[in-house]
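Visitor: Here it is: the structure, laid out below.
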Amino acid sequence: TMAIFRNALSRSLPELDTGPQGQPILVQSKESPEGWAPKLTESSPTTKVYKRRWIIVTLFCLYSMSNAYQWIHLNIIANIITKYYNASLPEDRFQRETTVDWLSMIYMLAYIPLIFPSTFLLNKKGLRVCAIAGAFLNVLGAWLKVACISPDRFAVLMFAQTVCAIAQIFILGLPAKIAAVWFGPNEVSTATSLGVFGNQVGVAIGFLVPPILVPNSDSLEQIGDDLSIMFYAGAGYMTLLFILVIIIFKERPPHPPSKAQMLALQNVHEEHYGRSLLNLFKNVGFDILTITYGVNTGCYYAISTLLNPIILDYFPGHEESAGQIGLTIVIAGVGGSIAAGIWLDRTRTYKGTTLGIYFLSMAGMVAFTFTLDLGLLWVVFLCAGALGFFMTGYLPVGFEFAAEITYPESEGTSSGLLNASAQFFGIILTIGCRAMINKVGTLGSNILISGTLLLGTICTGFIAADYRRQEAGKEILDQMDNVMQIEISEKESEKSRIAEPRSRDNQI
């Protein structure tokens, strides 16, 4: 019985997360000097996983998908957007193209200053408030785009895209939080991957659909009509999602899904957001991971933003192929994200997995770079799929690695900082690659990204495998073993005391 009990705990406790408010589960409360052990009584609330958790994560995936779609759906048809809004764009070619690039980069720029207040709001007000706020801004931005169907309204389009960009700050930090609050200990990494999955599907749709709905045309009126159809359809869908979020999305289940969550809820008021930030910045391993995560994801953002000019440079007139290549990158990445999450749940080899995926991302980018000029689209699709599988598969791995080495700090705070780094590097790399395309050529831009990924791979090797969350799980197991040994010893002593008088009577 003891072995079975220990094995069951060992399967769950290494996945101990920081709870819905990112609380350490080993906090010593003022009322209980013995720590957590006295709280594990029969009168404690029961733990339970609810079927509703799948509805919650599915709704979040759809909501995240719609916002991610709005991030890239304009830049994948950048040449058409530039043609339609030319009257309200700068005359200089580089400035004109960079201005259109900002339709994507505004997502990155908005995130950086707003991540801290949004993370504070997530930690203090919880999942439901953030989900509703994000869904409202998302649908507002979608309806504002309906009002920008005119060649002289690029400024209106940029404002609408900015509103959508603000909405994303209430999205990117939620997957780990939802997984922690709603899912059982053996489902945490998989649920995080599913949360990232929705975002990636949105990007995939953003790559695939716009080139079909808005084909290149010499008639500005026709382009305007096509844009109108695309904007109205998006606004209607996002309105429905907003209503569903208000009705269905709940803060947390009636009972926590694990003992870790139960104890985290008991200590929910002990978090200090500023102290948590300071602890994260003092963590050297997390500092390096923040940079390397930002570099990898920033490269992905740059490739996504500039995929249209990269593909059209080698395959003129293939706007739909550019979208399909983007779709291939994302679909392969979805598989990579899920596979990485399952792999981590089974092996918990966070550093090795992170380093391996990083290296393979770099190798995929090198292959993509040097096969473009072969003139074979099927080869480009194949290399793009390999690149997407590893580069996008890195996203949930980075989140989980950060949660592991920063335990017991809030996973919402750590993932927020990782995303802020990704936005920062995304802006730098996108502007740098655009300049390289205009001054040197597409090959120089791709080599820049490949070299950046190589540097990130080397830096990842310096991150210490400090698995604090797993160590916390082992500590709890040891404490529980000690408590049970004490109970067993007390019972044996009690039996001995009872048996001693009986022995004397028998001797008499």
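Going from the start of the chain as shown, residues are counted 1 onward.
Placement of Cβ uses the backbone N, Cα and C atoms for every residue, glycine included.
What TrEMBL records for this protein is below:
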TRANSMEM  54-82  transmembrane segment
TRANSMEM  102-122  transmembrane segment
TRANSMEM  129-148  transmembrane segment
TRANSMEM  188-209  transmembrane segment
TRANSMEM  229-249  transmembrane segment
TRANSMEM  284-303  transmembrane segment
TRANSMEM  323-343  transmembrane segment
TRANSMEM  355-372  transmembrane segment
TRANSMEM  378-397  transmembrane segment
TRANSMEM  417-437  transmembrane segment
TRANSMEM  443-465  transmembrane segment
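In terms of burial and nearby residues, how do these features look in this structure?
Guide: Long-range contacts of the transmembrane segment (54-82) within the same chain: residues 89, 96-97, 100-101, 103-104, 107, 131, 134-135, 138, 141-142, 157, 161, 164-165, 167-168, 171, 174-175, 178-179, 182-183, 191, 194-195, 197-203, 205-207, 209-211, 214-217, 223, 230, 234, 237-238, 241, 244-245, 248-250, 304-309, 312, 319, 322-323, 326, each at least 6 residues beyond the stretch ends and with a Cβ under 8 Å from a Cβ of the stretch.
A Cβ distance under 8 Å defines the sequence-distant neighbours of the transmembrane segment (229-249), meaning residues of its chain 6+ beyond its ends; these are 55-56, 59-60, 62-63, 66, 69-70, 73, 127-128, 131-132, 135-136, 138-139, 142-143, 145-146, 148-149, 209-210, 213-214.
Same-chain neighbours of the transmembrane segment (323-343): 72, 76-77, 189-190, 192-194, 196-197, 200-201, 203-204, 206-212, 303-304, 307, 311, 353, 357, 380-381, 384-397, 400, counting only residues six or more beyond its ends whose CB sits under 8 Å from a CB of the stretch.
Remote same-chain residues near the transmembrane segment (378-397) are listed as 175, 189, 192-193, 196, 200, 293, 296-297, 299-300, 303, 311, 314, 324-325, 328-337, 339-341, 344, 350, 353-354, 357-358, 360-361, 363-365, 367-368, 371-372 (criterion: CB distance under 8 Å, separation of at least six residues from the stretch ends).
Note on the transmembrane segment (443-465): residues 284-285, 288-289, 291-292, 295-296, 299, 302-303, 306, 310, 350-352, 354-355, 358-359, 361-362, 365-366, 368-369, 372-373, 401, 405, 429, 432-434, 436-437 of its chain, located 6 or more positions outside it, place their CB under 8 angstroms from a CB of the stretch.
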Visitor: Is it true that the transmembrane segment (284-303) and the transmembrane segment (129-148) have 3 or more Cβ pairs under 8 Å, skipping pairs fewer than 6 apart in sequence?
Guide: no
